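Worksheet for the structure shown next.
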């Protein structure tokens with residue numbers, strides 16, 4: 001059995017693992033990373049963020065072609081099969097793997113392929129795909145193994161018509177009708193993607209509102225546009241059982257309803273990838289969803305073992321995971337690169353997309369904070385008219401007296417890009433966080449960023 005010694009060993013090469021590895025390597029630590037795949041990137045690159053967003057982009061291009069009258073001179077509306085559209089995602093994945101492999105090579109980080117499990121607090125054992133066993137001994141460890149779709153034991157995911165958000169990327173046909181169970185972020189994103197391909201979608205929501213953590217107005221706008229694209233949303237429903245057929249599935253709901261479709265996509269929750277880590281050997285416990293509890297330093301209950309990314313739960317975003325991993329490594333090397341990642345913008349890649357940061361109206365009302373609202377509707381923005389993307393708005397919530405920006409909410413094209421301007425101003429100290437910044441700053445014209453100036457003037461006009 002080969003034994004290797006390192007300063008830090010990182011389990012996983014997704015965003016959290018990469019963030020930890022890159023930061024620790026800058027401080028001269030001898031590092032190794034372990035991943036179950038032969039290629040880096042984790043589920044984010046291979047099954048989650050990258051393929052789903054590349055898929056969304058392709059579908060959005062199809063929608064633009066089919067709805068823009070100018071293209072009728074070229075040909076009639078075209079519909080593409082799901083496998084054909086998925087090919088564009090494959091091209092992006094290969095480019096991402098090449099780029100990220102270069103990062104590890106340039107920083108002289110050793111890479112091991114296999115399944116890792118803890119032997120004790122200083123040792124992990126790696127079983128390679130060939131069955132060989134290697135031991136890695138280190139002073140510190142970072143667990144960044146990510147998560148996977150939650151699979152209830154009473155549903156047969158081996159049935160050829162039953163998928164989760166990982167296996168849906170292997171779908172070899174385009175269903176005419178699809179049931180999506182779970183109306184969280186992933187469920188809503190795939191509802192947009194499949195409806196954009198002309199698939200009839202039944203979106204089953206276990207709650208009474210889509211994405212209830214969003215501002216009510218944004219949530220309502222999402223519901224409207226999904227329904228406008230032939231998505232049938234069913235709120236307050238729970239499954240009783242899933243019946244697999246030769247040519248489809250029937251979803252039996254506890255309300256007594258039955259829904260038949262060509263396929264079922266299960267999008268109801270995720271589970272941390274911790275079951276094979278041998279955490280019982282080091283005394284680390286996980287919750288019912290397999291997630292590890294950490295403190296504000298991303299340290300687990302074992303002082304030399306840290307954890308970051310989806311494996312610790314909220315917010316389960318690739319953007320946050322990278323910073324969490326970087327911060328965990330910052331604690332290991334005792335640098336000033338540490339921070340607890342809590343103020344994270346939300347990016348939801350539906351069609352149109354959604355992004356927000358800060359408080360929403362319900363939260364401010366409950367806290368009895370005197371706020372006002374400024375809005376800019378995209379249909380009045382020159383850039384939106386030029387790009388034929390009139391749907392959406394930017395909404396700024398600010399304090400009536402101090403003009404401090406309390407929240408920014410955006411629905412529409414480029415929402416996940418636009419939100420960062422508001423985020424930058426909200427992060428300014430004291431009086432520098434003010435709505436006046438947007439009225440006293442010259443924006444390029446025409447741009448979508450100009451919506452901040454329009455929304456700011458709208459908000460100021462409401463004051464008296």
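Just so you know, glycine gets a Cβ as well, placed from its N, Cα and C.
Bear in mind that the values here come from a model prediction, so they are computed numbers and not experimental data.
Cβ neighbours within 10 Å of residue 39 (FAD binding site), excluding its own Cβ and spanning all shown chains: 18. Feature annotation from Swiss-Prot assigns FAD binding site to 35, 36, 37, 38, 39, 40, 41, 42, 43, 44.
Neighbour list (residue 35 (FAD binding site), Cβ cut-off 8 Å, at least 6 residues apart, same chain): 12, 13, 17, 42, 111, 112, 113. Packing around residue 41 (FAD binding site) is summarised by its Cβ count: 24 other Cβ atoms lie within 10 angstroms of its Cβ, all protein chains included. The number of other Cβ atoms within 10 Å of the Cβ belonging to residue 37 (FAD binding site), over all protein chains shown, comes to 15. Annotation for residue 43 (FAD binding site): spatial neighbours 14, 146, 147, 148, 166, criterion Cβ-Cβ under 8 Å with sequence separation of six or more.
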